[in-house]
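Copied from TrEMBL, the annotated features are:
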DOMAIN    97-343  domain 'Sugar phosphate transporter'
SIGNAL    1-16  signal peptide
TRANSMEM  39-63  transmembrane segment
TRANSMEM  97-115  transmembrane segment
TRANSMEM  127-146  transmembrane segment
TRANSMEM  153-173  transmembrane segment
TRANSMEM  185-204  transmembrane segment
TRANSMEM  216-241  transmembrane segment
TRANSMEM  271-290  transmembrane segment
TRANSMEM  302-319  transmembrane segment
TRANSMEM  325-343  transmembrane segment
Amino acid sequence: MVAFAVIISVMMVVTGSLNTICAKWADSIKADGVPFNHPFLQATCMFFGEFLCLVVFFLLFAYKRYVWNRANVEGENGSITEITTDEKPTLPPFNPFLFFPPALCDILGTSIMYIGLNLTTASSFQMLRGAVIIFTGLLSVGMLNATIKPFKWFGMLFVMLGLVIVGVTDIYYDSNPQDDKNAIITGNLLIVMAQIIVAIQMVYEQKYLTKYDVPALFAVGLEGLFGMVTLSFLMIPFYYIHVPKTFSTNPEGRLEDVFYAWQEIKEEPTIALALSGTVVSIAFFNFAGVSVTKELSATTRMVLDSIRTLVIWIVSIPLFGEEFIAIQLSGFAMLIIGTLIYNDVLIGPWFRRNILPNLSSHANCARCWLCICGGDSELIEYEQDDQDHLLEA
């Protein structure tokens with residue numbers, strides 16, 4: 001089990017890092033002197049990778065059904081030769097089209113992020129995606145009537161400060177005269193705005209899909225299927241939409257041109273390798289992420305995702321010629337600290353382990369701090385009730 005935990009953890013960090021690196025690698029490859037700029041095609045490749053999770057799910061489901069049937073078969077004379085106490089594997093009863101709305105959000109969010117990735121650096125792209133915590137928290141209050149504890153607001157504040165540092169330094173310290181600072185600003189803003197759509201997707205899934213016992217691989221695969229099919233059809237109108245040169249390197253300024261992309265791939269086959277890397281990495285990343293959440297914890301997955309951001313930053317400096325900006329370390333640190341505080345990894349556990357036991361005789365004070373750092377206030381109430389009873393006796 002320890003070896004398996006290490007394997008899936010390493011797989012999640014490596015494949016998650018490769019996903020962003022392969023996408024940026026494709027953007028940086030030039031065919032006939034023109035950079036490969038096809039965010040919607042790249043998004044389609046990502047959805048195809050997610051769709052592969054659906055294939056894996058049905059292969060595993062078929063294998064489980066086969067094993068169950070072998071263990072519950074009738075002999076020649078009608079007697080059951082072997083029987084198990086396990087129930088027959090079945091698909092969860094739900095409407096698959098419940099996953100269509102989050103797939104639409106995924107299409108819009110992913111496409112906008114890939115457009116932003118074309119305009120900014122891979123490290124900034126990955127760091128700015130941390131803004132999803134802020135928007136998810138805010139939307140959960142409005143859409144789910146959730147109550148956010150003060151320590152989560154504190155974590156969101158750290159994330160916001162980290163985002164400001166990363167975004168501002170990305171522009172202020174850019175010394176490459178060939179870089180368009182307006183394009184960098186636009187790319188950073190697009191990535192942050194895309195997190196609003198990602199947050200809507202996450203809140204929708206939490207509100208409508210958690211009541212169905214849908215395996216994670218099945219859910220990811222369905223969203224990949226819907227996203228791949230929908231975006232493939234959208235390629236047709238996108239071909240006739242013309243946009244400024246900032247958003248397209250197409251000679252005719254088309255929003256998306258699959259034919260031109262195919263021509264570029266034929267001229268520079270390494271583009272196909274980068275796109276294949278996107279497909280394979282997203283498939284293994286989702287599988288590893290689901291396995292980490294199931295076998296370890298969601299907190300472990302969040303920590304590994306933070307390590308992934310660091311890996312992307314380290315690799316992007318030599319690979320894509322990104323400039324190392326020391327002050328961005330503080331922004332990255334704030335993003336990580338804010339994420340850990342929001343997910344109740346920092347401060348809260350330490351407080352409940354070291355400080356709370358010393359406040360058992362001060363119930364009102366303890367309840368106040370519990371509101372800030374999280375915890376079960378009923379424990380304090382029970383302790384206070386016990387003390388009251390002792391005094392009465």
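For all residues, glycine too, the Cβ spot is worked out from N, Cα and C.
From a predicted model like this one, the values you see are computed outputs, not experimental measurements.
Contact check: the transmembrane segment (325-343) against the transmembrane segment (153-173) gives at least three Cβ pairs closer than 8 Å, residues 6 or more apart, which meets the contact criterion.
Across 97-115, 271-290, 302-319, the stretch most heavily in contact with the transmembrane segment (185-204), judged by Cβ pairs under 8 Å, is 97-115. Using the rule of three or more Cβ pairs under 8 Å, pairs at least 6 apart in sequence, the transmembrane segment (39-63) is in contact with the transmembrane segment (216-241). Ranked by the number of CB pairs under 8 Å to the transmembrane segment (97-115), the listed stretches 127-146, 216-241, 271-290, 302-319 are led by 216-241. Most Cβ pairs under 8 A with the transmembrane segment (216-241) among the ranges 127-146, 271-290, 302-319 are made by 271-290.
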